[in-house]
Amino acid sequence: MSVMEDSIIWQWSVFRSLLAILQWWAFNVTVIIMNKWIFQKLEFKFPLSVSCIHFICSSIGGYVVIKVLKLKPLIHVDPEDRWRRIFPMSFVFCINIVLGNVSLRYIPVSFMQTIKSFTPATTVVLQWLVWRKYFDWRIWASLIPIVGGILLASFTELSFNMFGFCAALFGCLATSTKTILAESLLHGYKFDSINTVYYMAPFATMILAIPAMLLEGNGILEWLSIHPYPWSALIIILTSGILAFCLNFSIFYVIHSTTAVTFNVAGNLKVAVAVLVSWLIFRNPISYLNSVGCAVTLVGCTFYGYVRHKISQQPPLPGTPRTPRTPRTPMSKMELLPLVNDKLDDKV
């Protein structure tokens, strides 16, 4: 009976993990495809406004989930810390989302997702250059296929656009900066994805609202006057904002239902799914070498996650507590790891 109960529990755990991954994939891919559809098919070429709508939806959604429905407990933050810690994080968070949408405006989903996979490399290099952190040689070696795959994909991209490419690349830097800043600015606060949105989305809305109105307001008014079905299009844009908030909930669910290794592999497979679905919908031209570059990048990201996991499982280096600490001297094996959350996912 005990064996049967263990088997049932194991089967339910596997089913729960699979369900969590599938719904995460569904929300993530849907948001990406909808954003691309908004820019390309609806010809709503205003990435700042799309990002602002997403922030507004997330602000309202976070308030409803935490304050009204009370589905998640509120993590209390001191008023002073909201401006001193949360606001700088929100600024980088805002830039990160805007750059992602700007890149989608100019380059295909497949190329944009491939470039986003460059984030581990930018995180490691930033920490090495700015903080002079030491990393295990295996971390550096695992970055080689990522960099090589992205170079191959970039040189063979048939729909290459320099502005979109730069936006995606700087988006990687913004993601890395946000991850590194979180280590110092949010020290002492254990935020989940819902509380993160609850605190950061209102700040991001405040930061972006005026630039969006000044830079894109006239264009939106013109778009409303010439678009044949403006209200239907606006409903689609609003729906994308609602789904972007729902994505946060799906991330929270998948984090609590899978291991770090499973999440890493599923995250890279998710990119492959997004690339395939976007190609089926938009039919953007993809060369053979371009697809090889994308595949090499995803395999490299999976290998990088595996290396990080293996190093994190090793015991601390013997005698390191008595070793004088320098910027190049690791205190433990964990310090050989870059500050990349295995369960971190950026919304687009």
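Positions of Cβ are set from backbone N, Cα and C atoms, glycine also.
Among the features that TrEMBL reports, transmembrane segment is placed at 12-34 (among others). Residues of the same chain lying 6 or more positions beyond the ends of the transmembrane segment (12-34) and with a Cβ under 8 Å from any Cβ of it are 104, 109, 113, 236, 239-240, 243-244, 246-247, 250-251, 253-254, 256-258, 262, 266, 269-270, 273-274, 277-278, 281, 345, 347-348.
The feature domain 'Sugar phosphate transporter' is assigned by TrEMBL to 18-304.
Look at TrEMBL and you will find 46-66 (among others) tagged as transmembrane segment.
The transmembrane segment feature in TrEMBL is assigned to 86-107 (among others).
If you look at the transmembrane segment (162-185), the same-chain residues 6 or more away from its ends with a CB under 8 A from one of its CBs are 85-86, 88-89, 92-93, 95-96, 99-100, 102-107, 111-112, 115-116, 118-119, 122-123, 126-127, 130-131, 154, 339-341, 344, 346. According to TrEMBL, the transmembrane segment annotation covers 162-185 (among others).
Marked as transmembrane segment by TrEMBL: 197-214 (among others). Proximity of distant same-chain residues to the transmembrane segment (197-214), defined by a Cβ-Cβ separation under 8 Å and at least 6 residues beyond the stretch ends, is recorded for 46, 48-49, 51-52, 55-56, 58-59, 61-63, 65-66, 74, 77, 82, 86-87, 89-91, 93-94, 97-98, 191, 245, 248.
What TrEMBL lists as transmembrane segment is 234-254 (among others).
The transmembrane segment annotation in TrEMBL covers 261-282 (among others). If you look at the transmembrane segment (261-282), the same-chain residues 6 or more away from its ends with a CB under 8 A from one of its CBs are 17, 21, 24-25, 28-29, 32-33, 36-37, 40, 108-110, 113-114, 116-117, 254-255, 294-295, 298-299, 301-302, 305-306, 309, 342-343, 345.
Residues annotated as transmembrane segment in TrEMBL: 288-307 (among others). Counting same-chain residues at least six beyond the ends of the transmembrane segment (288-307), those with a Cβ under 8 angstroms from any Cβ of the stretch are 110-111, 113-114, 117-118, 120, 138-139, 141-154, 156-158, 260-261, 264-265, 267-269, 271-272, 275, 342.
Below 8 angstroms of C-beta separation, residues 32, 35-36, 39, 45, 47-48, 50-51, 54-55, 77, 115-116, 157, 159-161, 163-165, 167-168, 170-171, 174-175, 177-178, 181-182, 185-186, 199-201, 203-204, 207-208, 346-348 of the same chain, each at least six residues beyond the ends of the transmembrane segment (86-107), sit close to that stretch.
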